[in-house]
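> Below: one structure in structure tokens.
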Amino acid sequence: MTHDPHLISESLSFEGTVGFYSHHSSACNGEMKFAVYQPPTAKERPLPVLYFLSGLTCTEENFMIKAGAQRFAAEYGLILVTPDTSPRNVGIVGEEESWDFGTGAGFYVDATQTPWDRHYQMYTYVTTELPALIHHHFPVVPNRQGIFGHSMGGHGALVCALRNPDRYRSVSAFAPICAPMQCPWGQKAFSHYLGSDRTHWQTYDASELLRISKFHSPILIDQGTSDQFLATQLLPDVFQKACEAVDQPLELRLQPGYDHSYYFISTFIKDHLRHHAIALNA
Ligand SMILES: N[C@@H](CCC(=O)N[C@@H](CS)C(=O)NCC(=O)O)C(=O)O
């Protein structure tokens with residue numbers, strides 16, 4: 001069951017609106033926040049919807065403030081939705097202790113381990129509960145839905161798309177965590193949220209999921225070569241090999257000199273919105 005969203009603030013942007021909302025989430029058993037950009041054409045007709053999942057330490061705000069996506073969403077006629085990256089202030093001891101786990105680091109999984117399982121149901125939240133709420137309250141065409149993200153959110157976007165190719169028509173990522181089972185961020189998050197059963201971890205690892213699931217349209221990934229997390233945490237080469245093994249079309253663009261920041265994202269954001277617009281408007 002979804003609850004009506006409460007509008008916190010609204011600003012005009014490229015003749016459309018950026019709105020910040022809170023609502024009660026049944027999946028996460030508490031208040032969640034998200035933001036929506038509605039381009040000017042949303043006043044005239046329902047539009048395709050594109051979800052952006054942010055990375056570690058982010059909220060629903062970072063992308064809306066820093067990516068510069070509104071100009072192109074207005075141009076291409078896409079509604080943008082950015083959820084928060086985790087439940088917050090839910091009273092779990094240690095939830096604020098690290099920047100790469102707990103608050104701001106939900107990893108887009110449904111936790112099975114106590115005490116996280118009562119609230120950290122981000123996979124269900126972003127794939128089911130939030131889209132149902134968006135469909136109900138905003139002028140979207142529900143079967144024209146795409147997803148993209150950055151870093152932890154790039155991992156989330158790839159996992160959501162590979163597990164639900166019927167629900168997402170397009171997927172892309174900036175500097176995604178491509179093989180979370182093989183990197184410290186992923187291993188820390190999965191062991192605490194999911195327990196020790198590594199077969200369960202595979203259901204949230206894009207490089208593993210490719211063994212059983214292919215996406216029906218090409219995947220676009222941009223990766224900066226000066227990203228400080230590239231060699232230890234992101235591992236795009238593992239994902240590339242997994243794509244090759246199953247003939248999954250992948251455009252992996254290594255961008256010389258770019259780091260992990262939103263300066264990198266904003267440089268290539270237009271290409272990503274175009275990638276999604278082509279698939280979502282086809
Ligand atoms: N806090 C970390 C960095 C965390 C980080 O780079 N987060 C990325 C996502 S993985 C981000 O988008 N940060 C928010 C921002 O740049 O606005 C550090 O100090 O090394």
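Heads up, the Cβ atoms here are built off N, Cα and C, so glycines get one too.
Got these off TrEMBL a minute ago, pasting:
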ACT_SITE  Ser151  active site, charge relay system
ACT_SITE  Asp227  active site, charge relay system
ACT_SITE  His260  active site, charge relay system
> Here are some active-site residues: Ser151, Asp227, His260. Which one has the most Cβ atoms within 10 Å of its Cβ?
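When each Cβ's neighbours within 10 Å are tallied, Ser151 leads.
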> Rounded to a whole angstrom, what is the C-alpha distance between His260 (active site, charge relay system) and Asp227 (active site, charge relay system)?
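If we compare the Cα positions of His260 (active site, charge relay system) and Asp227 (active site, charge relay system), the gap is 5 Å.
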> Would you kindly give the Cα-Cα distance separating Ser151 (active site, charge relay system) and Asp227 (active site, charge relay system), rounded to the nearest Å?
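The separation of the Cα atoms works out to 11 Å.
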